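TrEMBL has this to say about the protein:
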| type | residues | note |
| --- | --- | --- |
| BINDING | Leu116, Val152, Ser226, Gly227 | ATP binding site |
| DOMAIN | 1-70 | domain 'Glutamine amidotransferase type-2' |
| SITE | Glu228 | site 'Important for beta-aspartyl-AMP intermediate formation' |
Amino acid sequence: MLDGIFSFVLLDTRDNSFVVARDAIGVTSLYIGWGLDGSVWISSELKGLNDDCEHFESFPPGHLYSSKSGGFRRWYNPPWFSEAIPSVPYDPLVLRRAFENAVTKRLMTDVPFGVLLSGGLDSSLVASITARYLAGTKAAKQWGAQLHSFCVGLEGSPDLKAAKEVADYLGTVHHEFHFTVQDGIDAIEDVIYHIETYDVTTIRASTPMFLMSRKIKSLGVKMVISGEGSDEIFGGYLYFHKAPDKDEFHRETCRKIKALHQYDCLRANKATSAWGLEARVPFLDKEFINVAMSIDPEAKMIKKDEGRIEKWVLRRAFDDEEYPYLPKHILYRQKEQFSDGVGYSWIDGLKAHTARHVTDKMMSNASFIFPHNTPTTKEAYYYRMIFERFFPQNSARLTVPGGASVACSTAKAVEWDAAWKNNLDPSGRAALGVHLSAYDAETPLSNKPSKVIDSIPRMDFPGVAIKS
């Protein structure tokens, strides 16, 4: 078992008492509910509770629940959780070794596996380290030493181009999946049913991941290694450019990590598990988080005049001239949020579609129809309507976070720039003056006929038959 990333239930058969524990960060989803008869229910999905429980809620990460005490107790209490400002000097080799350990630890597997590769920094480092250390592992003896990588995007998207380049550099067997805006729109209801949220940015990013996971599972793959968590730990989102000082920078990273179970972890876990695929996330390894969050945040600050872009400490740690991990321009590629990187017209297409289905009158009555987390855009209203149809209980809607956000920020970070209050959108392109393709012109919509690549050769793992 990988330390601290699994949830579990322990039952004492002598008195039928039990203890439930959720993993440290919330990598896997977990909910708890209470029936009218006093029964306690535990489920990895809302769907397992909404018909039988009077009340249910998200089980807090890093906590234990005891049936004897009837309450929660935190078991995971690392130094960074208090948000005290750390002061350990930045050492690139210490950070590099900690992340390599986190990745290689996740190569323990007895099933066919691969890596999710968007061509961005995080997934590319995961792929590079996996490819570098795979050869000597038990998994390589069982499934072969050549790594398989997977990417999804609209035709011509930034991610597809970058991922192909990284795959060629690393020598992986690369599988590229295309989808169209219409493919994504057609899947929205299924995505909301499986992901169990109405959060806009989560749905935007979950849809291509959901479509890709289905294709990956059809190839016989059962586990993938992914790059979630890095942006929260290192301040990789573009709005961190506006952090006023190192103290606020660090506190925001703490807030982001604490909320991961409601956003990126929710997406990565449910978009993959909907198809029986397991996602492993080395950036959220407990030991690695402790190392990364102990670094003096002054080293993480973005300083353009010094050539320090977002996640500079991570990039510098893997900038090895003698044995390079990645091409330089990939190692220093600007952050793209997954919902942007799959193709800018994906989000623009969603906005256009939802605008046709939600009227101005509906928006004017939004606060009466949805008094909790009232949707402020037509896109948000559209997702909320679908969510409420599947999960009409008040407990369900309370499991979804709310609040203002720009480029995936917390509501607190919106205060960093007065201009953001008039440009609230979770897309990275909402970081005006930071993103190289910010919202300064209307991007043409792409609704070309579907062309999902089905001609990709099936993965040939030694000793396993892959069935359609």
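Numbering starts at 1 and runs along the chain as it is shown here.
Heads up, the Cβ atoms here are built off N, Cα and C, so glycines get one too.
Computed from a predicted structure; not experimentally measured.
Ranking the binding-site residues Leu116, Val152 by the number of CB atoms within 10 A of their own CB puts Val152 at the top. Cβ neighbours of Glu228 (site 'Important for beta-aspartyl-AMP intermediate formation') (same chain, under 8 Å, six or more residues apart in sequence): Asp122, Leu260, Asp264, Cys265, Arg267, Ala268, Ala279, Val281, Phe283, Leu284. A 10 Å cutoff on Cβ-Cβ distances gives Ser226 (ATP binding site) a total of 24 other Cβ atoms nearby, all chains included. In sequence order, Leu116, Ser118, Gly120, Asp122, Ser123, Leu125, Val126, Val281, Phe283 constitute the residues six or more apart from Gly227 (ATP binding site) in its chain with CB-CB distances below 8 Å. Assigned with DSSP, the residues of the domain 'Glutamine amidotransferase type-2' (1-70) fall into helix, strand and coil as follows: 3 helix, 26 strand, 41 coil.
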